[in-house]
Structure formats: structure tokens, C-alpha cells
Amino acid sequence: MLQNTWRRYLSTASRPVAMEALRNLIIIAHIDSGKSTLSDRLLQITGTVPAEQLQDRTQFLDSNPIERQRQITIKARAARMKWGHHRITLIDCPGHHDFSRQVSQSAGAVEGALLVVDASKGVQAQTLSSVELALEAGLELLPVINKIDLPTADIDNARDQIEHLVGLDASDAILTSAKQGIGIEQLLNAVVARLPAPQGSPHKPLQALVFDSYYDSYRGVVLFVRVVNGVVRRADRITPMSLAESKEHLDRPTEYVVDSIGFLEPHEVPCNQLHPGEIGYLTAAIKRVGDVPVGDTLTHCGDDAAEQALPGYEPSRAVVFCGLFPTDSSDITSLHVALQKLQLQDGSITFEPDSSAAMGTGFRCGFLGLLHMAVTQERLETEFGLDLVASTPSVSYMIQTQGSDEWTLVSNPSVIPHGHVKIQEPYARVEIICNQDHVGALMDLAQSRRGDLKDQRYIGLDRVKLVYSLPLAELVTDFHDAIKSRSAGFASMNYEIEGMRQNRLKRMDIHVAGEQVDGLSTVVHEDSAFSDGRWIVKKLKDVIPRQMFKVSVQAVLGGKIIASEHISPFRKDVTAKCYGGDANRKKKLLKKQAEGKKRMKSIGRVTIPQEAFLAILSGKD
Ligand SMILES: Nc1nc2c(ncn2[C@@H]2O[C@H](COP(=O)(O)OP(=O)(O)OP(=O)(O)O)[C@@H](O)[C@H]2O)c(=O)[nH]1
């Protein structure tokens, strides 16, 4: 009986909806414009997710605990909704630059995009770069002005900016307040009326684009696919087309059997087959995310369709590196296992063994940016119960030692030899969009960070776009925060890596109580080495806790001390106040002290907290 119901359910779920009734779209916007809140409203109004569930768990599509806690989207999510006889599949992509690759991945799977602009902030830099990605993918854009409930909302200004900056007619932009649920039905009607239906043929050889994936420990890799042509069914034998093109991956299996398939609503709803224009998931006992990389095209085994592989994506590259060290050195094996497991889910993390006299044994890891680094450290700690210290983050450098013709890539400043070494550093092209009132302050900032002005132009009445070529090392630290603080929060930025450039750079070491702490080594420009050294030792003096003895903190450049501070001794014994017999209180105090020791590394006789390693991020100005 139950089986019959299940079968009936599967057959209804699998009945193809006419292609003209399908709409596939992504939402693109600058970070914090309200994308996730808007997606939740769409799920609620279409009855895809019951209102109670949305009330209990705000931001349904941000399901990862770190996403909820930080209120950001890290991983793209898809959801299919019913609106009349239409089926609208929406992909919510991250807004933060570190995860922007997911925008281009998802753009390949849809025909349209909602361009969400915050009514109080107007068009921001990340909006423009996402628009470029969407236009490159040939998407139809539907402008949405959100947060119209805010007292600071300026709808006319937002419209004007969409027209001038994006070049899109905004006279019929949809006005919404995702927070108050205003304009959501109009938005759904506009999606159906103004965005195109997908095209494709069920009779052609199968082409299914893999636009995202994640690892599930029970089922293996779950692929998110968009079927472009052909039909994919349960039990089909499929193969990734990249295998035909690449000789490198001979260790990858060549054939898989689809063992489950279905739609995302946003939870998985099984079906028997996916038709052209449809977006869904499939599993096929795939062991590693890298076996069927995102951007790959799936086809049926034996269908000689290799020439019809869909355009893929550039693999993402790590730009920020740091050493991760367990505070308890016996946790090193657990850290290795945890990194291996995380890499199964997130192919953009890189790691290799790293060890030093001061920091102990750990792993040098690569990330897409500082947010990605922080999120990964948090995941390792919360999901795997580790207590870690991350060394000072760094970009990668090319170095050439004297007498050698070869350039070597290093991602750890402490391995750069002293003496005559040529160093190249990565540069980024940075676009900043700001109000004209803030141009002076932002130009000062970019100049102080060794930026070269490449372009400056008015875009709209009082908005200015500045383009700089700027060292990535200056950018990934606190540049974004500095821009925000110098523009009352109104300027926004976006960047892409340009290439390497040789500069007069030197490795700077930090000695604490006479011991070199290699986790604190950085690369500095010769011109600013002294001021950087003074600034960093001052900062370290504030964050390294007092010890029972006087501690010196020194910045050392090429064997010479260029800046020095002292941390005066601290003699207080936390248990001194507890007289005999008060064991509970004593225990409590010691426990409190032990808790406070988390994320700390003992180096020589001094205990250095995590904040010291991240002090470099906290603002030079
Ligand atoms: N006043 C007001 N606030 C809103 C509205 N929509 C969203 N917000 C708030 O804006 C903040 C950011 O909203 P999110 O939905 O997380 O923004 P997002 O664009 O998804 O952010 P990312 O996922 O990090 O890219 C939250 O505090 C929301 O409550 C709105 O229509 N009006």
C-alpha cells in the first residue's frame, strides 16, 4: 500500500512540466542587500516552505550554522517553487567576494537573474561585477529595489543608478520590502512575465551541467545539475565529459550509475527523471567532489557527445594562506583527518604539512580570502572539536635567490631567505564605487597602501568609480573595512587578481622574549618597513597578555632590530585570594582561566593568543 502511494507520488513528481512553464533564475546583489530574506519570502508566499518553519528558522536557504550566525550566504542553494502552473527554480548565491565564483557557476544553470539593489545604498561595486558575470552568461536581468520600508530609502536614486550604472531600464523595477513582505507577489508575476523560459530538446544526447556539489558521508557526492538537453533517469549510466578532454585524471572512475535523482524544494524531492530546463540533484556513488568537478557536463555512457561539453568554469585559486596549528600538539592527526574531510566538501581549500620550532607541527592552508579562512577555522573547531591557532595570514610570493635564475612560489614568509632575494608580489585590479564627497579620503587610503590610480570617472550624478592597481597583500588585510570607515559605509569595492610584480620587499620577523615567532613573520615594503615594524610591535604589546616576567617584543629586518616594545610583568596569582578550604571557588577560577587559554600557543616561555597573529588585520591607520 505504502509502496503504491510512493510509486504514485514519484510518477506525479516526475511528470515533466512543459518547458514554457519553467523559469530558472539566480539572485545577485551586493552583500547585505537582502537576497536571503527575499528568497525566504518567495518560498513562503509560494507555499514551498511552511510559514512556521520560516518563522522558527530565519533565512531558510542559509542552512549552515555559520551562515546563520554570521548572517551571510556561503554556499549557493536552489529551490523549486510553484506559482500558478509555473515552476520557478531559484538559486541563492553568496554575495561576498570570497565566494563570488559560485555566482558564475550558478549563472550557467539559469536564464534570468533578479538584480537586487538596496534602496538606501543604491548600486554597489559587487553589484556591478555580478551584473557583468550575469551578462556574460547571457542572462535576462530583472531589477528589484529592496528595503523600501527603510526611512533612508531613496527609490528614485536607486532607479537612476540602475539606469546609469547598469544600463538597465528601471522604470518598471519591482519595489519590495523583503522584511515586511511587500511586493513579493508582483515580483513572482514579473518573473513569469519578463524572464525567458529555458530551451532544449529531450531528444538530443544528454547534456547536464554540474553547477554545484557537496559531500554527504552516506551517499557520496550530491551533484546539483541543470539539464540542457536529453533526459537523465534513475539507473542511467553516466560519465563526466571532462574525462574525455583531460588526460590528467586517469585515476578518476569513468562511469557512474545514477542511484537517486530529484528536485530541490529546497529539501530533496525524489523523482524518476530530469528533463531539459529542469534543475535538480543526483547521486551516483561518487567518492570525491573532484571526481566530477563543478562546471563539468554529464552525458550518457556511449553517447558520443564529448564535443558538446558545456562551457565550464575557471577553477578557483587560493589567495590567502596561513598555518593552522592545534593548541594541543597531540591533535595533529585529528587536524589532518578534519582537513581531508573538509576538502572533500570544499575543493578550494589547499593544505600541506608545515612545522617550525616555535609553532610546532601543523598545516599550511590556502583559502579564497580572509572570510573563507575564518569560516574554515570555525568549522574545524565546531564540527571537529579542535582548538586551533592560525598564523598571520599572507599572500603567496615568487622569490629568486642570488645566483639563481629560477623563481619559486612561496606562501609562507618565514621560509623566505634573508639577504639578497628578489621578491614578486601579486597585484589586484580594484574597483571602488563611492560618493564624490569621499573621493579624497579614499584616494589617500589607496595611496598609503601603495595603489596606482588607473582610472577615475563619474558614473551617475555624484557617484565616482576609482580603479586602482594595488598589492593583494595590502588589500586582503583591512582594506575593505578601511574603505567602509572612510566613507560612512557607503563605498563598496570589488577586485580581481592581475598578476605578479617585483617590488623592494623584505621579510620581517617578530621576536617575543628573544624567541623568533615564525607564525608572525610578514613581508613588508622597504619604504614602510620601519613604520610597519613600530605599528606591529605596539599592537602586539596590547594583545599579548602579561607574563610573570618582562617580555620584549621586537621587529627584526635583515638581522637588525627596527622596533621594540616591552610588556611589563604581571604578578597577580588568580588563586591568591582563595584561602584554604574554598576549593569550589578555586576550581571555578582555574576553569575560567583554562577557558581563557583557548586559541593560544605557547612559544618559549610566553603564551601568544590568536589575536596576536591576526593583529595585522586590525587596521594600520
Ligand atoms: N529594513 C529592511 N531590512 C531588510 C530587508 N531585507 C533584508 N533586510 C535586512 O538586511 C540584512 C541582510 O539581509 P540578508 O537577506 O541576509 O542579505 P543578503 O544579501 O542575503 O546577504 P549575503 O547572503 O551575505 O549576501 C538582514 O539584517 C535583514 O534582516 C528589507 O526589505 N527591509
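Every residue, even glycine, has its Cβ placed from backbone N, Cα and C.
Model, not experiment: these values are computed from the prediction.
As given in TrEMBL:
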type: BINDING; residues: ALA29, HIS30, ILE31, ASP32, SER33, GLY34, LYS35, SER36, ASN146, LYS147, ILE148, ASP149; note: GTP binding site
type: DOMAIN; residues: 20-199; note: domain 'Tr-type G'
Inquiry  = Taking ligand 1 as the reference and 6 angstroms as the Cβ limit (strictly under), which binding-site residues among ALA29, ILE31, SER33, ASN146, ILE148 are close?
reply    = ALA29, ILE31, SER33, ASN146
Ask   = Over all shown protein chains, what is the count of other CB atoms within 10 A of the CB belonging to ILE148 (GTP binding site)?
value = 20
Note = LYS35 (GTP binding site), DSSP three-state class -> helix
For GTP: widest Cα to Cα gap among ALA29, HIS30, ILE31, ASP32, SER33, GLY34, LYS35, SER36, ASN146, LYS147, ILE148, ASP149 in Å = 18
Task = Tell me, if you would, which residue among ALA29, ILE31 (binding-site residues) has the fewest other CB atoms within 10 Å in the structure shown?
result = ILE31
Ask   = Within 10 Å of the Cβ of ASN146 (GTP binding site), how many other Cβ atoms can be counted across all chains shown?
value = 29
Inquiry  = With every protein chain in view, what's the tally of Cβ atoms within 10 Å of the Cβ of LYS35 (GTP binding site), excluding that atom itself?
reply    = 27
